[in-house]
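The transmembrane segment annotation in TrEMBL covers A:46-64, A:76-95, A:101-121, A:128-150, A:178-200, A:221-251, A:263-281, A:293-312.
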Amino acid sequence: MRRPVPILLLAIALALPLSLLAGRVWLDPATTPNATVILAELRLPRGVLALVVGAGLGAAGAAMQGYLRNPLADPGLFGIAPGAALGAVLSFWLGYAAQPYALPAFALVGAGGAMALLSLIAGRGNSVLLFTLAGMMIASLAGALMSLAISLAPNPFAMSEIVTWLMGALTDRSWSDVWLAAPLIVIGIALLLLAGRGLDALTLGEEAARSLGMEPRALQWLLIGGVGLTVGSGVAVAGIIGFVGLIVPHLVRPLTDRRPSSLILPSALAGALLVLVADMLCRILPLASELRLGIALSLIGAPFFLALLLRIRRETV
Amino acid sequence: MLCADNITLGDRLDGVSAGIAPGRITAICGPNGAGKSSLLSVLAGLIAPDAGAAELDTTPIADLSPRARARAIGYLPQTPEVAWDVTVETLVDLGRLAWRGGPLAKRRSGGADDAAAIETALDAMELQDLRTRPLSRLSGGERSRALMARVLAGAPQWILADEPLANLDLAHQLALLRLLRREADAARGVVLVMHDLALAMNHADEVLVLDEGRRVALGEPETALSENVLREVWGVDARWVGEPGSRALALR
């Protein structure tokens, strides 16, 4: 069942041109001077980056919910996003953040570190629960180290830079960010699609999944690679953007046959659409300074999610 | 033949050997903690024993690839869970996973075989009318048939189920046994962990009795579940009443 895919593709095709024109100053390509440069060098890379980052977060969220058999799972649970954020924070701390590629490179190394720790654990046990708890420990360790780095920041300027960056944004991104993140995220989504069959089997519980030929280690490797690349690269170029990985699979699930493998691609597309639209709203809102994307998504996401939960509760009671 | 060859597993199984023939219903019985579920998991290739081996037609199950094993042996756990509220059709479709290639090949390779196997499984468990219904809207009996249909969809030579009759009322127990009898008549092996000794007595062709991880008896129900065995293993003084095929247990 792939009905949502064409609809989402169509919505993205409509939203992308709109997002290119939208901003504090609406762009009229016919009259604005230098419209081509603004579009090609500022707004298009930002739009593409929003799509790519959102797609990664959406796909990772769908895969995580499938793996944990829990609709409340979120890609942050594996500790990869905090690991990447820790790397980025260190680049500020050490004063490298202003150099080109240094910040995303540090973040990718941080994500890689979290993935390496997860792999060490994956080599030891097959159980979903053990693996997830270990991921949560990595997340809280990275979070603590991040707070430590912030509290020991060399100067107030570095501290405020770190805190602002952590809020997540797509401001002032260029094609180089796109070229860095896009290939990694695409590979990550491909790995998650490969994990689909194992995730489908897990629908029936771990024991039944193994009786269907699911290999727990292979599945863990695919997830470490897939979630690591999608979320790690997303954080590297956009900071922490929450809620996408949690909400999007919820929205998309009723449109599919509810099998984890049928959810990954539509979630990637819906995640792309959500981040693109949220980023566009951030630019349009008449505030003194631009609203940070991470904050905006949480502001939209939290009440929305609460409403969703209450509705689900009413339906099941 | 599905064989347990001197299987030892921690303190749960102690040198259990048994040969199980296809085309029959074999019941594994025993008191709580006797090692019934552990033996079933070992026979299904899900747990590697500490010593001994489970063999499928003389090949050690541990030597089979996960996929080959999944195609040969269908397994239904004791407390089957389904994480997402899928329809009956989608649930049964999951039973085909071991026959499919990767995500790109999913809809193509063996698509016709898949569809035919799913139809056969839905027919066998009499679920055609319920195929588009989500699991949350099934009764307990319908749900257990849907879960069994998932196992059948894989067209396994062996069906291993851990207490599939628990939580079912008498009518549904008999209905499921009747459907499983059809599978056994179609030359599949059916191995069931069973708690209800009267059901085992009347419906199984072969009974394996375990006690404290050891094999106590293996054979026709009338001998394997004799009054002596009941006294020795379950510690109850009971008497079989009625005719063979419709026996009932009278406790004294």
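Note: Cβ is positioned from N, Cα and C throughout, glycine not excepted.
Counting Cβ pairs under 8 Å to the transmembrane segment (A:46-64), the stretch among A:76-95, A:101-121, A:178-200, A:221-251, A:293-312 with the most such contacts is A:221-251. If you count C-beta pairs under 8 angstroms between the transmembrane segment (A:76-95) and each of A:221-251, A:263-281, A:293-312, the highest count goes to A:221-251.
Taking pairs at least six residues apart, the transmembrane segment (A:293-312) and the transmembrane segment (A:221-251) share three or more Cβ pairs below 8 Å and count as touching. Highest Cβ contact count with the transmembrane segment (A:101-121) among the listed stretches A:128-150, A:178-200, A:221-251, A:263-281 falls to A:221-251 (criterion: pairs under 8 Å).
Just going by CB pairs under 8 A, the stretch in A:128-150, A:178-200, A:263-281 that sits most against the transmembrane segment (A:221-251) is A:178-200.
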